[in-house]
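*Asks:* Would you mind keeping the following structure in view while I ask a few things?
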Amino acid sequence: NLYQLKNMIKCTNTRHWVSFTNYGCYCGYGGSGTPVDELDKCCQVHDKCYDTAKHVCKCSPSMTMYSYDCSEGKLTCKDNNTKCKDFVCNCDRTAALCFAKAPYNNKNFKIDPTKGCQ
């Protein structure tokens with residue numbers, strides 16, 4: 001879920017999680033157009049993963065609680081999750097790891113989606 005995604009970001013990243021809430025065309029609520037960079041692409045992939053969870057697993061990914069471990073920047077989804085919980089956990093895990101390795105461009109924070117996301 002979104003709260004756990006925030007905590008996963010905190011586990012893998014030195015940058016504050018708020019930096020990812022309104023970045024590019026896909027990081028934050030909604031998303032459209034072409035991702036502006038690699039980090040924005042991470043968010044687009046995460047959005048698509050959540051869409052798949054909704055349609056294939058029939059669950060609400062933004063509200064689904066799952067079990068995971070964070071140790072020294074490493075994230076592990078626990079084995080005791082249901083199929084849906086495991087799917088959502090892996091969506092969030094993949095996004096957090098992607099955020100950690102993608103370059104952050106300050107000019108893409110809080111861009112105007114009506115101008116930059118066509």
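Backbone N, Cα and C atoms are what each Cβ position is placed from, and that goes for glycine too.
According to Swiss-Prot, the record shows the following:
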{"type": "ACT_SITE", "residues": "HIS46", "note": "active site"}
{"type": "ACT_SITE", "residues": "ASP92", "note": "active site"}
{"type": "BINDING", "residues": "TYR26, GLY28, GLY30, ASP47", "note": "Ca(2+) binding site"}
{"type": "DISULFID", "residues": "CYS11-CYS70", "note": "disulfide bond"}
{"type": "DISULFID", "residues": "CYS25-CYS117", "note": "disulfide bond"}
{"type": "DISULFID", "residues": "CYS27-CYS43", "note": "disulfide bond"}
{"type": "DISULFID", "residues": "CYS42-CYS98", "note": "disulfide bond"}
{"type": "DISULFID", "residues": "CYS49-CYS91", "note": "disulfide bond"}
{"type": "DISULFID", "residues": "CYS59-CYS84", "note": "disulfide bond"}
{"type": "DISULFID", "residues": "CYS77-CYS89", "note": "disulfide bond"}
*Asks:* Starting from the Cβ centroid of TYR26, GLY28, GLY30, ASP47, which together make up the recorded Ca(2+) site, report each further residue of the same chain whose Cβ lies within 8 Å of that point, ordered by sequence.
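*Replies:* Neighbours within 8 Å of the Cβ centroid, excluding TYR26, GLY28, GLY30, ASP47: CYS25, CYS27, TYR29, GLY31, CYS43, GLN44.
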*Asks:* Compute the C-alpha separation of CYS70 (disulfide bond) from CYS91 (disulfide bond), stating it in Å without decimals.
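*Replies:* Given the Cα positions, CYS70 (disulfide bond) is 15 Å from CYS91 (disulfide bond).
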*Asks:* Using CYS11 (disulfide bond) as the reference point, find which of the recorded positions GLY30, ASP47, ASP92 has the shortest Cα-to-Cα distance to it.
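*Replies:* Sorting the recorded positions by distance from CYS11 (disulfide bond), the top entry is ASP92.
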*Asks:* Can you tell me the three-state DSSP label for CYS49 (disulfide bond)?
*Replies:* helix
*Asks:* Just jot down the residues in the same chain as CYS49 (disulfide bond), at least 6 apart in sequence, with C-beta under 8 A of its C-beta; none if empty.
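*Replies:* Sequence-distant Cβ neighbours: PRO61, PHE87, ASN90, CYS91, THR94, ALA95.
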*Asks:* Count the other Cβ atoms sitting within 10 Å of the Cβ of CYS43 (disulfide bond), across every protein chain shown.
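*Replies:* Step by step: centre on the Cβ of CYS43 (disulfide bond), count other Cβ atoms within 10 Å, giving 23.
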*Asks:* Among the recorded positions TYR26, HIS46, CYS59, which ones place their C-alpha within 10 angstroms of the C-alpha of ASP92 (active site)?
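*Replies:* If one measures from the Cα of ASP92 (active site), the recorded positions that come within 10 Å are HIS46.
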*Asks:* Between CYS27 (disulfide bond) and ASP47 (Ca(2+) binding site), what C-alpha distance do you get in Å?
*Replies:* 9
*Asks:* On the three-state reduction of DSSP, what should I expect for CYS77 (disulfide bond)?
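*Replies:* Assignment for CYS77 (disulfide bond) reads strand.
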